[in-house]
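Database features (TrEMBL):
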- 12-31: transmembrane segment (TRANSMEM)
- 51-70: transmembrane segment (TRANSMEM)
- 77-96: transmembrane segment (TRANSMEM)
- 116-136: transmembrane segment (TRANSMEM)
Amino acid sequence: MAEPLWITRSRNATRLILGGGMTLVGLAHLTVAREEFQAQVPSWVPVDEDLVVLGSGAIEIGLGLALLLLPDHRRWAGIALALFYVAIFPGNIGQYVEGIDAFGLDTDAKRLGRLFFQPVLVLLALWAAGLPRIGAIGQKVCL
């Protein structure tokens, strides 16, 4: 059974917001905020900071554009974005543990708060992907 219209619209809005945001953030990785993103790469990452920033920026652009331009593939694009958010989470932990200031995260409290926001991004990406599937009101939720 089809999802209620408000759920479909909510998923589409989330997909467009995440897609646009990821595309813009990815472009910032490659251009205007490149040095600030480099500063966020934890010291324990065994790869050159610039390479990490360029690679993650390219991935963000690709995922963002996939969400925006390939609605028939939103499930896989959303799942890939959720996995990407999980993959970069250790970097967020590193920013907190090492006390790295970037993008207004200049206190331990702000950096800690960001850690709690990352799971929200994972859930939003899955929501945009169409997960969980929700049928008519009162019907079971299915993955």
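Keep in mind that glycine also has a Cβ here, set from the backbone N, Cα and C atoms.
If one looks beyond the transmembrane segment (12-31) by at least 6 residues along the same chain, the residues whose Cβ comes under 8 Å of a Cβ in the stretch are 37, 53-54, 56-68, 71, 74, 78, 81, 124-125, 127-128. Residues of the same chain lying 6 or more positions beyond the ends of the transmembrane segment (116-136) and with a Cβ under 8 Å from any Cβ of it are 1-4, 7, 10-11, 14-15, 18-19, 67, 74-79, 81-82, 85-86, 89, 92, 142-143.
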